[in-house]
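Reading through the structure tokens given below for one structure.
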Ligand code: B16
Ligand code: MG
């Protein structure tokens, strides 16, 4: 039996990609850059500043802003994103997530969060599942983002579980790569994309139960 579960947030527990997309699209538009949903896919699991850098490079404007200006642009995007999350609630949990967390709690298996999102605590609170997690890794403390394994190793250690004894759940290829590099068992969650290297892939968490691990 595995001893701990490490969850990505966006795309696994809830799906706020559409809100990230609206906020990035509006910010990019204000800079004369047009992005579409296909481009938005490349931002999944990528940190806020790295996402901005990708957008600026896509619009060939990567040399047009100082670091202070970029921080202000990222803040502007986040302000709109947070406004769009105002109505987020338990109804926005992805299917199967709540049951899985309840089962893990019943079996005393600790859970933690490995998300690139600085908004993770607020989002989990709105979803009503904050109490199920022993720890949320603070992305500010990381030297490298996904696909580097750092965030997953920290998430496992934070709940006193060795990576080899932990299962990681991810919807993005960068996340699966990070979980495998950490030496963990990787569960890919996607109905649209084949996640390379995942030990198991399901379309949704309704297909999973704690005892299978
Ligand atoms: P924030 P995950 C990621 O969440 C999102 O997939 C990605 O699109 C976003 O840029 C990143 O969080 C940072 O989010 O701006 O809220 O700090 O999939 O790692 O849970
Ligand atoms: Mg994700």
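The backbone N, Cα and C atoms fix where each Cβ goes, glycine too.
Taken from TrEMBL, the feature active site, nucleophile covers 8. Look at TrEMBL and you will find 10 tagged as active site, proton donor/acceptor. What TrEMBL lists as Mg(2+) binding site is 8, 10, 170, 171. Under the heading substrate binding site, TrEMBL lists 8-10, 24, 43-48, 51, 77, 115-119, 146.
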Go through 48, 118, our binding-site residues, and report the one whose Cβ sees the most other Cβ atoms within 10 Å.
48
Starting from the Cβ centroid of 8, 10, 170, 171, which together make up the recorded Mg(2+) site, report each further residue of the same chain whose Cβ lies within 8 Å of that point, ordered by sequence.
7, 9, 11, 12, 44, 45, 115, 169, 172, 175, 189
For residue 171 (Mg(2+) binding site), which residues of its chain lie six or more apart in sequence with Cβ-Cβ distance below 8 Å?
8, 10, 11, 12, 44, 45, 188, 189, 190, 195
Looking at Cβ-Cβ distances, which residues of the chain lie under 8 angstroms from residue 24 (substrate binding site) while being 6 or more apart from it?
35, 40, 43, 51, 55, 77
Near ligand 2, meaning Cβ under 6 Å from any of its atoms: which of the recorded positions 10, 24, 45, 48, 115, 118 fit that description?
10, 45
Write down the Cα-Cα distance for residue 170 (Mg(2+) binding site) and residue 115 (substrate binding site), rounded and given in Å.
10
Spatial neighbours of residue 170 (Mg(2+) binding site) that are distant in sequence (at least 6 apart) but have CB under 8 A
8, 11, 12, 45, 176, 178, 179, 186, 187, 188, 189, 195, 198
Taking 24, 48, 170, 171 as the binding-site residues, the residues having C-beta under 6 A from ligand 1 are 48
Among the recorded positions listed here, 8, 10, 45, 115, which has the most company in the form of other Cβ atoms within 10 Å of its Cβ?
8
